[in-house]
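Copied over from TrEMBL, here are the features:
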- A:6-24: transmembrane segment (TRANSMEM)
- A:45-68: transmembrane segment (TRANSMEM)
- A:80-99: transmembrane segment (TRANSMEM)
- A:120-138: transmembrane segment (TRANSMEM)
- A:190-211: transmembrane segment (TRANSMEM)
- A:231-250: transmembrane segment (TRANSMEM)
- A:271-299: transmembrane segment (TRANSMEM)
- A:319-344: transmembrane segment (TRANSMEM)
- A:365-383: transmembrane segment (TRANSMEM)
- A:389-413: transmembrane segment (TRANSMEM)
- A:420-438: transmembrane segment (TRANSMEM)
- A:444-466: transmembrane segment (TRANSMEM)
Amino acid sequence: MANHLIWWGFAIYTVLSLFVAYLSRSGKEMTMSGYFLGNRKMNGFVSALSYSATTYSAFMMVGLSGLTYKGGVGALGFEMIYFAGVSLVAFFGPRFWLAGKKYGYVTPSEMLGDRYDNKLVAVVISVSSCIFLIPYSAVQLAGVGYLVEGMTNGGISFTTGVILAMILAIVFSFIAGIRSVMWTDSLQALLMIIASTTVVILVIQGLGGFGEFFGNLEKNHSESLTVPGNGFWSITTFLSMTIPWVFFSLSNPQVSQRLFMPSSPKSLRGMLMGFLVFGFIYTLVSVLWGFSALSIFPGLDNPDIATPSLLASKFVPPVLGIIVMVAIIAAAISTIDSILLTLGSLFARDVYGNLKQNVDEKRQLAIGKIIMPIIAILAFVFAEMQLNLIGVLSVASSAGLTVAIPAIIGCFFWKKGTPAGVISSVIVGGALVLILEFTKYKPLGLGSGIWGLIISGILFITISLITKPPTQKAEEFMGYIKREMKTQFTK
Amino acid sequence: MGKREAFWLIICGLLILLAYIIPYTILTDVAKWYGSFLLWVLLGFVIILFNIIFTKDWRS
C-alpha cells in the first residue's frame, strides 16, 4: 500500500478527531470530577461508544484476529466468555454508580480506600493498577507499530507508528479530559465498526460467500473450527486466558471508572446495552477476519501480521484498507488515552492525594495532568521492546489486575472484609502474577491470572477473618447501596 | 443482593460454565460452522437478551 495514501488517511483522521475534541470542550474544568468524569453527566449513547472504544483496542483487530489465525475458533470462545463477563456490569454497575454519586468518588481505588476506611488500600490498588496497565498501553502502542510497518512493508517504521499514536493519545486526553476522550472515542468506534464490518462482508463475498467460506475452512483447515483444534487452545490455555478477562469490566479501572460517569440509571443501561451490541458485532468481525486471513494466506510466520496482510490483499479496495488501518490505529489510541486519564486520576487522587497532606482539587488536577505524559513515555519504552504475540501480553496485564477482584466483591457484599485483607491480597497476589510471568512458570499448566486470583481470594478471606473490619463504615456504605438499589434500580 | 439478582447471577454463571464445557466435550470433533462457532455466537446473543431483561427497570 502506498505510503503517501496512509499519511493522508492519518492526517484526515487527526484533523477530524482534533475538531471533535475541540467541540467537546465545555468551559475550563477545574475539578477532578469535571475533568476525569465529565461531571457525572454523560449520556448513554456516547458512554456506550466510548466504553466500546476503550475496551476494544488494537488487540481485537490485530491480536484476536491473530489468535484466530493461529489457533482457530477458540479465539471466539475466549472473547465471547469475556463478553459474557461484561454482565457483571449489570450487577456491579448500579452499585459503583450509586456509591460514586453519594460519596463523590473519582476513582475505583478511592472508593475501595473509603469503604475499607484505610488510605493505604487506595494507594496500594492504584500503584498495582499502574504496574499492570502501563504494559497494557504498551501493547496497544506496539499494535499500531506492527500495523503500519506491516501494511507499508516497512515503509513507515514500527517506531514512527508508535510515536504518532503516543502523541495523539496525549493530545486527546489533554484537550478536555474525559470529554474529549469520550467524543473522539465515539468517532473512532463508529469508524471502526462500519469500516471493519464492510471489509469482512467484502472478503467473505470475495471468497465465494458464507457457505463456501466455511466450506473451505472445513475442508482445508478443519482443526480451526474445533477446540483444542491444532493444540493451541488446550483447556489450560483457554482457562488461563479467559478467567482474567471474565472480570475485565471490574478489574480494569479505565472501564470500571466509567461506571461513575452516566447521568442516570437509564444512561448506565444505555452504556451497557450499547456496548454489548457493539461488542457482539465487533467480536464476530475480528474472528471472521482471522479466519479469512487463514483461508487466503495460510503460511504466515507471525500471526500478528494476519490483519495487515488481509488489508493489503486484492479483496479490500485500497481506500477501504486505509480507512480500516486508520480505524485500528484510532482503536489503539482510544484505549491508551482512556488509560492515561485513569492512571493520571489514580495517581493524583489516590497516591499523591493520600500520601501528601492537604492537597486541594486544583493541585490534584495539576498533578494528574503532569503524570499523564510521563506514563505515555513509559508505555512507549515498553512498546519499543517489541515483546512477542500481542494477545498473550495483553492477557498477562489483565491477569495482574484480577487480584483486586476479591476486594471489589467484598466492598459491596462482605462486611467482614478488612484493609489488611485487601492490602495483603493485592500485594501478594500481584507479586505472584509478576513472578509467574517473568519465570514463565505455569503450575499445573495454569496461567498467572488464575493463581493470582486464587491466592488473593484466599488471603483476602483469611486475613480479613483475623483482623478487625471497619464495621461502622461497612454498614453505612452497604446499607445505603441496599436501600437505593431497591428504589432506583427495581420497579 | 436480592433474590432476583441471585437468580440471574446463577443463570449467567451456568451459561458461562456451559460455554467452557460443551466445546471441549460434545463439540470437540464437530469441525463445522454449526459446532463451537455457532455455540459461542449463540452465547453472545443470549447474553445480550439476558442483559436486556435484567436491566429493564433502570429508568432515568
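Including glycine, each Cβ sits where the backbone N, Cα and C put it.
Distant neighbours of the transmembrane segment (A:190-211): 49, 53, 56, 61, 278, 281-282, 285-286, 288-289, 292, 295-296, 310-311, 313-317, 320, 323-324, 326-328, 330-331; these residues of the same chain sit at least 6 beyond its ends, with a Cβ under 8 Å from one of its Cβ atoms. Contact between the transmembrane segment (A:45-68) and the transmembrane segment (A:120-138) is absent: fewer than three CB pairs lie under 8 Å, with pairs separated by 6 or more positions in sequence. The transmembrane segment (A:231-250) and the transmembrane segment (A:80-99) are in contact, since at least 3 Cβ pairs between them lie under 8 Å (pairs 6 or more apart in sequence).
Counting Cβ pairs under 8 Å that are 6 or more residues apart, the transmembrane segment (A:120-138) and the transmembrane segment (A:319-344) reach 3 or more and are in contact. Under the criterion of 3 or more C-beta pairs below 8 Å, with sequence separation of 6 or more, the transmembrane segment (A:319-344) and the transmembrane segment (A:80-99) do not qualify as touching, having fewer than 3 such pairs. Ranked by Cβ pairs under 8 Å to the transmembrane segment (A:271-299), the stretches A:6-24, A:80-99, A:420-438 are led by A:80-99.
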